[in-house]
Structures are given as C-alpha cells and as structure tokens.
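Taken from TrEMBL, the feature coiled coil applies to 156-190. According to TrEMBL, the compositional bias 'Basic and acidic residues' annotation covers 242-256. Among the features that TrEMBL reports, compositional bias 'Polar residues' is placed at 266-281. The domain 'BAR' annotation in TrEMBL covers 28-244. The domain 'SH3' annotation in TrEMBL covers 288-359. If you look up TrEMBL, you'll see 242-281 marked as region 'Disordered'.
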Amino acid sequence: MAEIGKGVTAGKLALNVQKRLSRAQEKVLQKLGKADETRDTAFEELVANFNKQMTEGSKVQRDLKAYLAAVKAMHDASRRLQDCLADMYEPDWFGKEEMDALVEDTDTLWLGYHQNLTDKTLVCMDTYLVQFPEIKARIAKRERKLVDFDSARHHFASLQKGKKKDEAKIAKAEEELGRAQKIFEELNVELQDELPVLWDSRVGVYVGTFQSLAGQQERFHKEMSKLSQNLNDVMTKLEEQRQLKKDATAATKKGDGAQSEEANHSESTSPAPKSSVTNGSDAELPPGFLYKVKAVHEYTATDNDELELKVGDAVLVLAFDNPDEQDDGWLLGVKESHWFQKKDISAKGVFPENFTQKV
C-alpha cells in the first residue's frame, strides 16, 4: 500500500477525493440540465479580459526576448567583423590606434545596449507577468468553490424537499452550505476588486515598456552613428594616404626615367668626359659641380644639413667631399640663385633626388 505523504492524513485525503467526486457529479448534472448552475456574466467578462490580457502580455514578452536574441546575434556578428578589420589593419596604415579604439567602443556600445534592454525593458514585462499565474490559480479555485457552493445548495434543497426530513442532516447540510458560500464569496469579492485594476494597469505597463525601448534605441543609434562617422573618416584618410604614396611612387619613376633618358642622350651626342667633376677653374660654377637639376616637388628640410626646395628651384649638384658620406637617393647641392648672387657654397645641403629632375 502506498504511503501517505508527510502532513497528509488519511481522513484529509479521503475528504479531498470526496470533494472531487462531488464536484464531478455536480458538473455532470449541470451539463445534463438536471441541476441549475450559478452564473455571473459580469465576472465572466472580467475573466475573459484577464485571459486576453495574459495572452497579449505573454506575446509581448516572447517578442521582446526574440528581439534581445537578435540584438545579441547582431552584437556577435559586429564583433567578429570589427575584429577582422582590426586584425588586418597594418601598423603603418593611417589611424591604427583610432581603429583599435573604435573596435572596443563599438563592442562596449553593443554590450550596454543589450544590458539596458534587459534591465529596463524586459524586466518591466517580467514583473508585470509574474502576478498572472497566482491570479489564474485563484480564478480556478473560485470556479471549484462555486461548484462546491452549487452542490451544497442542491444537497440542502433536496433534504428540505424530502418526504422524511432528518433535522440533523438538514442542519449539517445548512452549515456546509453556509461555509461553502462564505469561502466562495470571499474569493469572488477579492477577484472582482483585483481584476478590473489589473486590466486597467496594462496601458501603463505597455507605455513604460515601449517608451523605455524607444529611448534605448534612440541612444544606441545616436552613439553608433558617431562611431560609424569616425570609421568613415579613418577610411577616408587611409585612402588619401594610399593615393599620396601612389603619386610619390609615380613621380619617382618619372624622375628616374627622365634622368636615364638624359644620360642616354648625352652618351650618344658627346664623347665621354674623363671626369664629370670640374676642378673649379670655371669661375661661374662652384667647385665640385656635376650637373643642374630642377625641383619638381616641394621638400621641407628636417635637419640642418638639408636643403629646402620649392617647386621650380634650380639646384647645382655638387660632388661629396667624401663619397662614403652619400646616402642612396640623396644629392648634395646649392641653389643656383644663391651661388650666382654670393658665390658661396656654405649654404649647400642634401636633398632627395626623386624630388628633382635633371635639366
């Protein structure tokens, strides 16, 4: 024989079974039309509203959770894409540090957006819906107590109508009827007070929930717009950097080609000189003069021994006193205008060869 659970006596278990049987019998009699059923259309309308309210609220809660899942998926996708960009962004590209900061700021913004939606929007709906199961259970209990009340009422009436009246049974039935009526009415009054208040509260809950959602969306998209603009600015600067390097490379190639063409032309039209360096006997040219070049790009000197150039400047190229001091791609010279005015080479300096063109 199965043991009876702790705290549940055999008598109480038997009483619960008897109540269920009595309720089932009462419901059958009511459906067959052999017993009248107490109806309350006003309360039935409250219950219909409650069920509608619970269904709609649950749907909003499910859709909010689905929205949050989509935000989480978008965050994950954004993070992977941003990480990919950061990984392939080379250290010498423009804005490397700015790019790394953008990646972190974007990730932080997504995290905050998801957390705020959870804490300030979804929690609002969760708190609202948590009360429904308890109220639903009380509505079901009211229905059971209404059946108990109808059953007690019918039992009391049948004893009163009986040919052989047993006053003791009638008194006991009347007592049970009073007890069943009291329990039912207490539940009924509580629910009739609470359900209309709960029904009216739905508007305020929806307003708070969707105002919170709209506010979080507005703040998120505003901040994301700033980060997107910053990313666009970095990409624009990177393209400008690429174009400048491309132009500089093209200018270098053009200068090298012109020098090569000049050298070939000189070799074909004149005998090769014993030395390209003059001995200074020509008073119009500085000692160590080799040839003349013209600046095709502006160059700003960054050191004391460098020669600053402006586009169009004519420069007299000189031989280094010590050839070992000459770096690849660099020439030594003095501006032609300075030499003819002062006949002084103290203002000589080095400059990049690819910023000039031989003339």
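Just so you know, glycine gets a Cβ as well, placed from its N, Cα and C.
Packing against the coiled coil (156-190) from elsewhere in the chain are residues 40, 43, 138, 141-142, 145-146, 148-149: each is 6 or more residues past its ends and has a CB under 8 Å from a CB in it. Across the domain 'BAR' (28-244), mean pLDDT in this model comes to 91.
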